[in-house]
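Have a look at the structure below before the remarks.
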Amino acid sequence: MSGAALAIEVIVVFFLALFLLHRYGDFRKQQRMVLFGTLLAWFLCFLIVFILPLDVSTTIYNQCKEDNGEHVTIMLSNQTTPNPSVSPTKSAKKVCYKPWSYIPDGILPVFWRVVYWTSQCLTWLLLPFMQSYARSGGFSITGKIKTALIENAIYYGTYLLIFGSLLIYVAVHPQWHLSWYELQTIGITAANTWGLFLLVLLLGYGLVEIPRSYWNAARRGYLLDKTYFKAAKLMTEKADAEENLEDVMEEVRKVSESIKYNHPLRKYIDTILRKCPVDYQEKMGRNMDDYEDYDDKRNTYPSEKSLVKLHKQVIYAVQRHNRTQVQWRILLEQAFHLEDVAKNETSSSRVFVRSFASPEQRGWVSNFLYTPTVEWYWECLLRQWFYRVLAVVLSVFSVAVVWSECTFFSTRPVLSLFAVFIQLAEKDYNYLYIEMACFITIFFLCTCVYSTVFRIRVFNYYYLASHHQTDAYSLQFSGMLFCRLTPPLCLNFLGLIHMDSAISHQKKEQTAYTSIMGSMRVLSFIADGFYIYYPMLIVLLCIATYFSLGTRCLNLLGFQQFMGDNDMTSDLIDEGKELIRREKRKRQRVEDGENRRREWRERYGNQREDYPARNRNTYSELKEASNAETGNANRHAKFSRSTTQPERDRLELLQDVEPLDFSGDMISDDPLESETGRHTGGRYLSMSSSQSRIFDDV
């Protein structure tokens, strides 16, 4: 193939990263630099995951050529001896089959060098700087750069501290002489050490929690109760975010009213106002008196430093408010869907009925294949069994990972399960199996690590929401995290399959990825100590996660966690259930109002168009009759005036009348009222069906 497989995978990975960024980001609203940085970070990390299996298969083929080449040399040298017993050894020569995805020599080292150092520059320099720059309250480029550098000093300081410590250790060692290659290896080792430290902590949680989450999802009512619990907690955070936004907007309003149009600081106020929500901008715009000049003697004005602080508060408050609003909408859709599943489980028609129309626009393929009947069988019957089977499979994978992490340093005998599988496939030169096994294993490890971060959500601050609902800060954080954790994760995987000679201590062909990482033997205490024994800590983390020790500790500290045997959890579930019920009634009233207006337009739209013409004709006829009977003065004039005005009022009332909608404050919250007159198919129509009762809603 001569590198064709590499080119194809690079193109496929690029479009995969672009598709995911389009799904989670917003190309129209978010800044181009944010989108470009996130796309590049995701693209490079996905490249490592997809290309590393090709590197493994190519290395196995090169190792086979090296072994057979030495064997042939020995055979040729033995053939010069007269011993006849040597001739049968010719048939023992092994044939090396070239893999379908073989990459020529010299391509992968350059490829890995570009991918690795670009991702490291992104994760340690550019992405943290872009995060702080985007949230900076400065009004100039210089001010934002200064603020970003100050905020990132802790990150740069930590990295330089680790690198400096290792540098001093190497410098004082009498046997080593520092060179550029050794300095480069020390920097890579420092980054991988930090990544491996965080990697084991996240992996120990994900290996247990992910299979358990799928098993619990198969239990009836578990997901619904957990959603109610999340709704109660999120509503508290949402109310706090709204209150914080109100306080910040009030402060912005006061500052905006004090600084007039011709004040030197007015341009900064305009910049702050552009960051505010649209409704607040309209309110502040109506209350501005720009015709008044400012007076330095009578009023005290805020300083530029205080405006920078206010600008940063506005950015944070708006971002927090938008985040809670998006999370609340997503949680509502999940709750409504789970309630529909619970109701449809007892349905005898075996047709899935939704309470509300799906916010997603379904394509013709979904409408044709995923019919309501198919949806009922999947949601009410098959999904539970599928989750149970998936939970068992993931549990087996987790046990294999834990066992291999504790035994991968043993080469004789080989105890790592993944190394055993790869070596068995290596004997038969089944390269397709080797590449698929490597990809599935790396993908499972990445899923356990990355989903842990967004499952705990770092105190619910970062989130990845589909349908273009992820904010720029979370996108940058995800790209930064992927670039920091993917290289040490892949290096740890190579150790599991005994393809890293620095850990396995075997004289074998090195992968191109390992050669770029450098020889860990420059720092023996890391290669022979930390990289081998620290991953064993994953056993203790898995045990702690299985018994929910972290959840119980957080619950004791006051951070409410979902625990089935807790009174506080039951109270929050009841509170969340009431919140979801209230939101459901609200949405039902909105749908009822829309249905009534649509029905009214369909029934009386044509009559409304005829009302002005009928009004003009009636008025002209009455006017002609009035002029013709002017001889009968008083009686006919009184009669004409008494009949024309009420008729005109009646026609104008019929012309201008519109059906009124209910509001949340005008109607009672009785659930029985919201259930009357509803269609079984999930669409709710008005009960008014007679023309004589058109004004019943007025």
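Note: Cβ is positioned from N, Cα and C throughout, glycine not excepted.
Automated prediction, rather than curation, is the source of TrEMBL annotations.
Computed from a predicted structure; not experimentally measured.
Proximity of distant same-chain residues to the transmembrane segment (6-22), defined by a Cβ-Cβ separation under 8 Å and at least 6 residues beyond the stretch ends, is recorded for 35, 38-39, 42-43, 46-47, 50-51, 54, 101, 103, 107, 111, 468, 475. As annotated by TrEMBL, transmembrane segment applies to 6-22 (among others).
TrEMBL lists 34-52 (among others) with the feature transmembrane segment.
For 114-133 (among others), the entry in TrEMBL reads transmembrane segment.
Per TrEMBL, the feature transmembrane segment maps to 153-172 (among others).
Under the heading transmembrane segment, TrEMBL lists 192-210 (among others).
Positions annotated as coiled coil by TrEMBL: 231-258. Across all of the coiled coil (231-258), the predicted model scores a mean pLDDT of 91.
If you look up TrEMBL, you'll see 385-403 (among others) marked as transmembrane segment. Counting only same-chain residues 6+ beyond the ends of the transmembrane segment (385-403), those with a CB under 8 A from a CB of the stretch are 203, 207-208, 210-212, 214-215, 217-218, 415-418, 444-445, 448, 538-539, 542.
According to TrEMBL, the feature transmembrane segment maps to 432-453 (among others).
Feature annotation from TrEMBL assigns transmembrane segment to 530-549 (among others). Proximity of distant same-chain residues to the transmembrane segment (530-549), defined by a Cβ-Cβ separation under 8 Å and at least 6 residues beyond the stretch ends, is recorded for 193, 196-197, 200-201, 203-205, 207-209, 212, 398, 402, 405-406, 408-409, 492, 495, 502-503, 520, 563.
Residues annotated as region 'Disordered' in TrEMBL: 624-698.
If you look up TrEMBL, you'll see 686-698 marked as compositional bias 'Polar residues'.
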Proximity of the transmembrane segment (34-52) to the transmembrane segment (192-210), 3+ C-beta pairs under 8 angstroms
no
Near the transmembrane segment (114-133), which residues from the same chain, at least 6 beyond its ends, have a CB less than 8 A from one of its CBs?
33-34, 37, 40-41, 44-45, 47-48, 144-145, 147-149, 151-152, 155-156, 159, 188, 191, 473, 476-477, 479-481, 483-484, 486-487, 516-517
Please indicate, using numbers and ranges, the residues of the same chain that are 6 or more beyond the transmembrane segment (432-453) and have a C-beta under 8 Å from a C-beta there.
49-50, 52-54, 56-57, 60, 100-101, 199, 202-203, 205-207, 209-210, 394, 397-398, 401, 418, 421-422, 425-426, 462, 481-482, 485-486, 489-490, 492-493, 496-497
